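> One structure coming up, written as structure tokens, with questions to follow.
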Ligand code: GDP
Ligand code: MN
């Protein structure tokens, strides 16, 4: 089972579009790890980026108290106001707060009502289809000028592995859950690949606008918005920009009513301003602590902690634990270029989790030097007075030296010959406690 957090952070859109044939049934319970994005922006932050790039969004303010929301509503001087809870998950419109309030998106003409509603939003958990069961605490609300919507469409641009580049996806049936549209009426989903070297052609943008049902002068306007969204997509190194609803007003304007942008983590070095806006407040504290040391932590719900390098090895490790009848508690990905101090921190984080009853180290030394890992492990075991069984499988660069360090440490460390052996020993150590 993936943690709710991991499940929520992933998008299923790319997978959905790939329309892959169903995989053969698995013989054992697989651990599903949905790749997570490390940078998360709230709707108001995404909309600020969009506005800065000429994309049409509503005027808005952000508030973190009911009183600020009330003041913002007054300052807007709008005929109608839309109040939106800011959490990273979608489906807010149909969500429920633990204050009893229904709906994370509300329309009203009265600023006083904005204040009253904000009071039932801020500080309370909002549960939607995409959040864990208990919901996510709302810390901020967006107070925006409401516009009438005559038609809601769906528009997204994403980097699609299957197409080796950007793809536009649109549907005239927007506002609702796009997965449902894709399942019930797949012919209402339009997909158009973009050649990243040639860029988005005007004809393509116009065609997509037409597919979305924008007619007459609205077609050109929608195509212009689509082009600006594509420019933004490239400029900020996005992996996905999703606008649902991409709507039309009775006054004849094309407006982005909602916004979700995902970013390519590898571009952090050239997108410093955007990464500085990262909203980590919804992360587990342990994830943020891990990130401080350049470690990636993902919580799961079993009892065997996995200490690995690389996401692929992490998944293989989790799978093989499941295959042997165990359950991973979490995994911590060291990455390459690891220092001894990181190994120590990693152990500290793993053992801080009370669910952990055994630790399985599975490191394949390529760039990573196994001796550094071994030194980090022995230091951590001594200083943290490790109380749970530790099974270690090291392979690759400098592995003989690593084994010498572990053997001579005198610490109760179980060595494993290979991954299968390591998983068996870790599962046994939990069962025979
Ligand atoms: P989500 O539920 O988290 O996807 O939040 P959205 O921002 O998409 O809002 C949910 C729904 O509220 C939209 O699909 C619209 O139908 C409606 N909505 C949002 N903003 C406005 C607005 O300014 N005017 C009107 N009339 N409806 C809005
Ligand atoms: Mn939406």
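Yeah, the Cβs are placed from backbone N, Cα and C, and that goes for glycine too.
What TrEMBL records for this protein is below:
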- 58, 91, 92, 93, 147: GTP binding site (BINDING)
- 244, 258: Mg(2+) binding site (BINDING)
- 309, 366, 367, 368: substrate binding site (BINDING)
- 47-93: domain 'ATP-grasp' (DOMAIN)
- 80: site 'Important for substrate specificity' (SITE)
- 148: site 'Important for substrate specificity' (SITE)
> Give the helix, strand or coil assignment DSSP yields for residue 80 (site 'Important for substrate specificity').
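Going by the DSSP assignment, residue 80 (site 'Important for substrate specificity') belongs to neither helix nor strand, so it counts as coil.
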> What binding-site residues in 244, 258, 309 place CB under 6 Å from ligand 2?
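Within range of ligand 2: 244, 258.
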> Using all protein chains in view, find how many other C-beta atoms are within 10 Å of the C-beta of residue 147 (GTP binding site).
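The Cβ of residue 147 (GTP binding site) has 21 Cβ neighbours within 10 Å.
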> Near ligand 1, which of the binding-site residues 91, 92, 147, 309 are found, taking a Cβ distance under 6 A to any of its atoms?
91, 92, 147
> Of the recorded positions 80, 92, 309, 366, which one has its Cα closest to the Cα of residue 258 (Mg(2+) binding site)?
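Ranked by Cα distance from residue 258 (Mg(2+) binding site), first place goes to 92.
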> Counting Cβ atoms within 10 Å across all protein chains shown, which of the binding-site residues 367, 368 comes out on top?
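Sorting the candidates by Cβ neighbours within 10 Å, the top entry is 368.
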> Which of 91, 309, 366 (the binding-site residues) has the most other Cβ atoms within 10 Å?
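Going through 91, 309, 366 one by one, the largest Cβ count within 10 Å is at 309.
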